[in-house]
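Asks: Handing you a structure now.
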Amino acid sequence: MASVDPSRSFVRDVKRVIIKVGTAVVSRQDGRLALGRVGALCEQVKELNSLGYEVILVTSGAVGVGRQRLRYRKLVNSSFADLQKPQMELDGKACAAVGQSGLMALYDMLFNQLDVSSSQLLVTDSDFENPKFREQLTETVESLLDLKVIPIFNENDAISTRKAPYEDSSGIFWDNDSLAGLLALELKADLLILLSDVDGLYSGPPSEPSSKIIHTYIKEKHQQEITFGDKSRVGRGGMTAKVKAAVLASNSGTPVVITSGFENRSILKVLHGEKIGTLFHKNANLWESSKDVSTREMAVAARDCSRHLQNLSSEERKKILLDVADALEANEDLIRSENEADVAAAQVAGYEKPLVARLTIKPGKIASLAKSIRTLANMEDPINQILKKTEVADDLVLEKTSCPLGVLLIVFESRPDALVQIASLAIRSGNGLLLKGGKEAIRSNTILHKVITDAIPRNVGEKLIGLVTTRDEIADLLKLDDVIDLVIPRGSNKLVSQIKASTKIPVLGHADGICHVYIDKSADMDMAKHIVMDAKIDYPAACNAMETLLVHKDLMKSPGLDDILVALKTEGVNIYGGPIAHKALGFPKAVSFHHEYSSMACTVEFVDDVQSAIDHIHRYGSAHTDCIVTTDDKVAETFLRRVDSAAVFHNASTRFSDGARFGLGAEVGISTGRIHARGPVGVEGLLTTRWILRGRGQVVNGDKDVVYTHKSLPLQ
């Protein structure tokens, strides 16, 4: 479960929750009931009911469902001539009367399947004018909740006397949003959740790229800046009505969250304290600072600064990197001190050893990082390089040149050294950068960010590299596809997979590092031992560490293999066996071949030959880095040609799969994708291309006056 956001900590005390379901959530585009969404809603209510929450539903949708049904009945009962006549709009009250029974029948059926009882309560605004009605309503609901029955409210539109625009002079309620707010007050709810067809309240129409979600509504800050779009496609008031109801309810003491009824398990996420949707709370103005800089503003500022950086000469950009390297070494003691505080806190918090290992800045690491930055600085300037030059026609020359991508977002867990690597690569490639690190490395990241940005000259601006330390969730950053050009996740399989599934922004990275070493029957076993020990023990938490050792079946009982296995055990490596190795050597059975240990553990299995090894790698590997140890060059070439991984080695440790070791300078990460960049990615992975055409007034004019030559020209 995600950690509770500080602004949502009140959910720990929530017992009674009212959930209002909008028509757009209950129904599909064609007006029919959205069975999947309603079913998912009922499953969440069931789970809450089982956990001891008191859940009250307020549902819309009767009018829409009834209208669809009556239109169908009218269609099947009409002649062709009738259908040619102007069609009168169906009476909304009749639609409500027909739709309500169908809507409740669905709820009743779904809840029965979940072994939950539900009840229907239809009300009108005039009912609430009677104090005795209110008293009886409360008693009835209390009785239902005591019996763990789900009360389902809806306005009785079939007999309501209110006319458009649906706001009565009494101001009791005017739609189901305001009904939900009224019930929250009457029934003393601890929380009101308004489910919509959008993620929450935006600063403008959600379809506009410039609109940003508002996670905590503050009247003084947001009332004037919000621009509402169209109202709901099927309901009465859309977001305007929800905000009005939310403000009234929250001012009366009931917190309100507006969130999407389309998102998976959104209700449970709200009650787990996740920062989704928009929160309305009477104390919100005490939490949020109006001076907070949004991540969107940080991204825009980073792009502006990157353009200043690109305007510098190659030597000026080189000097910035050299200054950064010097600054890191000059501040090593301070950096190590802050990192040690992070490591100590992680150990006290009980973090797993692999994460603590990745978090730790070991002695010599700062010097190593500074060296890689200087190597990067002394490499050929990657920006504005002419990659191709073509004479399109006489005096019409086309150049394909390298240029920065724009603004990068790196989301990383624990690894503070990743911040340094990415920052230096961003500077060298002329890109702006946003950094979102894990809370476990907050002190390390903060000091590293300060040291680096202090070395950036004023004519570029320290906002070139932004460190996101606000409570913004990763999900919010991933929605900034109009201002962020590439996401680079550095962390767990779960983190990378979630990011790839949650954004329109291109993602560069790998979800798994399941690297193999295959020992062929002709291998030099002393060499194999040397390679295997390095691949597993040198840095077990690294993504290029060996996770599976494949061995030719002829070596099963060989002294050389015994020597390797004993050496691994002596170093403290836990060995697990595949089906064959488990049976033959008695190792504990591996849970799965597709498993990244990231620790002192590995899987061993036997294969028939090199092709079997290749098939195993393709089936269970992650296309990261795989190695063969053999003295048979023909077998080696077969392995090198056929293994479809980002990096494939012969007689060399998988630990060589690294940008610095490849001579790329610092490393942005390792990509197992096939588009844009693959394998260890250096500065070239942060570049794109553009076309520059130089002419002398030529025009196309239907190609009448152009003689195309398309002749390749020297680059210089």
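Glycine too: its Cβ is placed from the backbone N, Cα and C atoms.
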Asks: Quick check on the annotation: Swiss-Prot has SER60, ASP157 binding substrate, so which of ASN130, ASN176 does it put in that site too?
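Replies: When Swiss-Prot describes the substrate site, the candidate it includes is ASN176.
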Asks: Across the record's substrate-binding residues SER60, ASP157, ASN176, the largest CA-CA distance in angstrom?
Replies: 10
Asks: Give me the count of other Cβ atoms within 10 A of the Cβ belonging to GLY238 (ATP binding site).
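Replies: I count 21 other Cβ atoms within 10 Å of it.
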Asks: Looking only at Cβ atoms, how many others are within 10 Å of the one on GLY204 (ATP binding site)?
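Replies: If we count other Cβ atoms within 10 Å of GLY204 (ATP binding site), we arrive at 15.
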Asks: Just to confirm: which same-chain residues, 6+ apart in sequence, have a Cβ under 8 Å from the Cβ of LYS242 (ATP binding site)?
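Replies: Result: ASP177, LEU194, SER196, LEU201, ILE258.
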Asks: Which site among SER60, ASP157, SER196, THR240 has the most other CB atoms no more than 10 Å from its CB, taking these as binding-site residues?
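Replies: Of the binding-site residues SER60, ASP157, SER196, THR240, the most buried by Cβ count within 10 Å is SER60.
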Asks: Distance check, please: Cα of TYR202 (ATP binding site) against Cα of ASP157 (substrate binding site), rounded to an integer number of angstrom.
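Replies: So the Cα of ASP157 (substrate binding site) lies 30 Å away from that of TYR202 (ATP binding site).
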Asks: DSSP secondary structure for ASP157 (substrate binding site), reduced to helix/strand/coil, please.
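Replies: Coil, per DSSP.
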